[in-house]
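Participant: One structure follows; several queries about it will come next.
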Amino acid sequence: MSSIKIECITNVGNRIGESPVWDEKESSLLYVDITGRKVCRWSSVSKEVQVISVDAPVSSVALRKSGDYVITLGTKFAALKWKEQVVTTITEVDKDKPNNRFNDGKVDPAGRYFAGTMSEEIRPAVLERNQGALYTLFSDHSVVKHFDQVDISNGLDWSLDHKTFFYIDSLSYSVDAFDYDLQTGKIGNRRSIYKLEKEESIPDGMCIDTEGKLWVACYDGGRVIRLDPETGKRLQTVKLPVDKTTSCCFGGKDYSEMYVTSGTDGMDKDYLARQPQAGRIFKITGLGVKGVPPYPFAG
């Protein structure tokens, strides 16, 4: 374990950094700052961060098969042309809930974009409950709603055989699994596979490695944890120098590096002085496992 190295790779903090995605073509890490209303791209070559500002909270970003990206913006699924800095609405959800916004999103192995909503927070993790839902955007731009009564729709990923969908509703303090039908995108048979312990705090973003184990970023827990979804056991804990760790993904040339986003919302001056790297992006090397490349949206 002694070979694990954690380094801070950006010098500017995000309010709520989220949704890290490795873009192999650009040798870059994509991520968003939700309340900062920014889509960011860190180049592993130049070490520079490019930023596109948008006009609403932007909660996730994904690759697109036809090029460029798709994002969840406010309560919209939207397309983002990077060079032109142009955002185009694809479709909108939760129109009857003006206080809602999307949160985490990810593309499934068949190219569908899964993302869920939540009520706007009064302060971090404090919000009107049961206002969110989980949606899928299909390649033909149609949308399916899977279920509602969600508090904070969060981490998502799929098992290596694509038969299980993993999902986090943060305030349930649980990592859940569903049976998954890759042909139709339907989910069912929800069950909890891991309940977080008190010091782990709130489960947030999540990713899977090539051994089929899940990595979950723990908000207010300052760590990522590795879980075995078969046994429900925690296998590993990697602590970071900031408390508000929000999400994680694998990247780099061979997907052996882990990237972790973090936030500063809800931290006062004293708190920030104690954690000067809060809100920045971290790279973890030496974990000894690799990740699965992200799937692009097919539409």
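The first residue you see is number 1, and the count goes up from there.
Using N, Cα and C of the backbone, Cβ positions are placed for all residues, glycine too.
From TrEMBL, here are the annotated features:
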- D204: active site, proton donor/acceptor (ACT_SITE)
- E18, N154, D204: divalent metal cation binding site (BINDING)
- R101, N103, E121: substrate binding site (BINDING)
- 16-263: domain 'SMP-30/Gluconolactonase/LRE-like region' (DOMAIN)
Participant: Between E18 (divalent metal cation binding site) and E121 (substrate binding site), how far is it from one CA atom to the other, in Å?
Facilitator: 15
Participant: Please identify which of E121, D204 has the densest Cβ environment, defined as other Cβ atoms within 10 Å, among these recorded positions.
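Facilitator: When each Cβ's neighbours within 10 Å are tallied, D204 leads.
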Participant: Between the Cα atoms of N154 (divalent metal cation binding site) and N103 (substrate binding site), what distance do you get, rounded to the nearest Å?
Facilitator: 6
Participant: Work through the binding-site residues one by one (N103, N154) and point out the residue whose CB has the fewest other CB atoms within 10 angstroms.
Facilitator: N103
Participant: Averaged over the whole of the domain 'SMP-30/Gluconolactonase/LRE-like region' (16-263), what is the pLDDT?
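Facilitator: Result for the domain 'SMP-30/Gluconolactonase/LRE-like region' (16-263): average pLDDT 97.
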Participant: Drop a 10 Å sphere on every Cβ of the binding-site residues E18, R101 and tell me which sphere holds the fewest other Cβ atoms.
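Facilitator: Taking E18, R101 as the binding-site residues, the minimal 10 Å Cβ count falls on R101.
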Participant: For the substrate site as recorded (R101, N103, E121), determine the largest distance between any two Cα atoms, in Å, rounded to the nearest integer.
Facilitator: 11
Participant: Provide, as an integer number of angstrom, the distance between the C-alpha atoms of R101 (substrate binding site) and D204 (active site, proton donor/acceptor).
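Facilitator: Checking the Cα atoms of R101 (substrate binding site) and D204 (active site, proton donor/acceptor) gives a distance of 16 Å.
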